[in-house]
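Below: the structure, in C-alpha cells.
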C-alpha cells in the first residue's frame, strides 16, 4: 500500500524530491567534512610547497624560473599564485593548517552546491522532455518526420547521491588541499553559466580556471565546438578573446620580467611524470611509461577520439559543419543548445583526455569524478552496471600505491564507457522551447 502511494508521488514530484534530497545531502556534507577534519589526520603533500612559492612571489620576484618550493618549481599559471596568496594571508602565512582545512571544506561545499545546480538543470530538462513526449503521444500529433531526432536523456533526481560517496574526493579537499580544488570550482561555475546562456561570463570563469591549473584545457575542444555550434565562427572570436585576455592580464607582472620563462614554466606540456605516482598506467613497464613515443601515441589517440566524437555530433547538426561555420557570417541568431547536450559534449571530451592522459595522480580524480554519474546515465547500462562501474572506479582511485590490477581496471572501465558513449544515439542539440526556432526571442544568449 505504501509503495503504491510513494512511487507515484516521487514520479510526479521529481523536482521537489530533487531539492529535498539535495538539501539533506548538503547537510550531510557539512557534517562529514567536519568529522573528517576533526578525526582524520591531515596529510602534508603540496600545501607547504604552495606556501613557499607564494612567499617568493610576495617578495616581489616575478621571474617564474625563480619561483619554487621544496618539491620543485611553480608549474602552474599565474592564477595559482594569486589564489594561494589570498589563502596564505587568510591562514596566518600558511601556518594555520586547521583554518586552511576549513576553507577547503567550504570550497568543497560550494563546489558541491554548484554541481548540484548543474545536475538540477539537467534533471529539469529531462523531466520537461519526457512530459512533452507524453503530451505529444496523447495528442496524437503527426511528428513522424522528427521521431528519429527525438532522442533525449532520462536523468533521475537520485543521481546526486553518487556525487557524495567518494572517500578520495573528500580527502583531496579537507586533508590534501590541492590547487585542483580551486580550478575545478571555477570550472563548474563556468559550466553553470554556460548552460544558463551566459557565455561571456562562462568563458571568463573558464579562463580563470585554466589560470589556476591547465587540466581544464581538456574541456577546451568541447567548449570551442559548442561556441561554434551556438554562435558560428565570427561570433565565437570575441568569446575566445575573453579567454585569451584573462590569461594575458593575470600574467602581465611575469611577462614583463621574463616572458619566455613564464610561458615555459606555466604552460609546460613536455613535463615528465614520475612512474611511482601514476594511477592509470601502473600495468605498463616503467621504460615504456617514460618513453616519448608512448606520450606521442597517447596524444594521437586522444586527438583521434576527439575527431570521431565531433564527427558523430556534427552529423546531428542540420547542414553539418558548413552550417556551424556560416552561422555568424549570415546574421543568424544564436542557437539555444540543450543543457544535456552541452553537458554530454563537455563531459565526454574531458573523459577522452582523462582516459588517454600521460599520467593520472590521485588528486586528478577530481578532474572528472562529478561527471561520471551523468555520463553513466547517458548510456543504456542497467542500474547495477552503473553502480558497479562507480565502485570499480572508486576502488582504483583508493588503491595506494596503485597496482597493475587497479590501474588496468581503471583504464578498461574508462575506455569501455567511452566506447559505450560513442555508440549511443546522439541526443537533441536544441532545447525544446517554443522560441528556439530563431535562437532566442525572450532571453538573449550572451
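Backbone N, Cα and C atoms are what each Cβ position is placed from, and that goes for glycine too.
For the transmembrane segment (17-37), same-chain residues at least 6 beyond its ends with a Cβ under 8 Å from one of its own Cβ atoms are 10, 98, 101-102, 105, 108-109, 112-113, 116, 120, 123, 157-158, 160-161, 163-164, 170-171, 173-175. Swiss-Prot lists 17-37 (among others) with the feature transmembrane segment, giving sequence analysis as the kind of evidence.
The annotation transmembrane segment is assigned in Swiss-Prot to 103-123 (among others) on the grounds of sequence analysis.
According to Swiss-Prot, the feature transmembrane segment maps to 155-175 (among others).
Annotated transmembrane segment per Swiss-Prot: 177-197 (among others), in sequence order. Note on the transmembrane segment (177-197): residues 45-47, 50, 76, 80, 83-84, 100-101, 104, 107-108, 110-111, 114-115, 117-118, 121, 203-206, 208-210, 212-213, 215-216, 219, 223, 226, 336, 339, 342-343, 346, 363-364, 366-367, 370, 440, 443-446 of its chain, located 6 or more positions outside it, place their CB under 8 angstroms from a CB of the stretch.
Marked as transmembrane segment by Swiss-Prot: 214-234 (among others).
Among the features that Swiss-Prot reports, transmembrane segment is placed at 237-257 (among others).
The transmembrane segment annotation in Swiss-Prot covers 294-314 (among others), and the record cites sequence analysis as its basis.
If you look up Swiss-Prot, you'll see 336-356 (among others) marked as transmembrane segment.
Per Swiss-Prot, the feature transmembrane segment maps to 372-392 (among others). Under 8 Å from some Cβ of the transmembrane segment (372-392) lie the Cβ atoms of residues 119, 122, 153-156, 159-160, 162-163, 165, 340, 343-344, 347-348, 351, 409-410, 413, 417, 420-421, 424, 427, all in the same chain and six or more residues away from its ends.
Summarising the annotation, Swiss-Prot assigns transmembrane segment to 407-427 (among others). Long-range neighbours of the transmembrane segment (407-427) within the same chain, counting only residues 6 or more positions beyond its ends whose Cβ lies under 8 Å from a Cβ of the stretch, are 151-153, 278-283, 305, 308-309, 312-313, 315-316, 338, 340-341, 344, 348, 351-352, 354-355, 360, 375-376, 378-381, 389, 392-393, 395-397.
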**Prompt:** Between 155-175, 214-234, 336-356, who has the most Cβ pairs under 8 Å to the transmembrane segment (103-123)?
**Reply:** 155-175
**Item:** Long-range environment of the transmembrane segment (155-175) - Cβ separation under 8 angstroms, sequence gap at least 6
**Value:** 14-15, 17-18, 21-22, 25, 28-29, 32-33, 36-37, 40-43, 101, 104-105, 107-108, 112, 115-116, 119, 122-123, 126, 181, 340, 362-363, 365-366, 369-370, 372-374, 377, 390, 394, 397-398
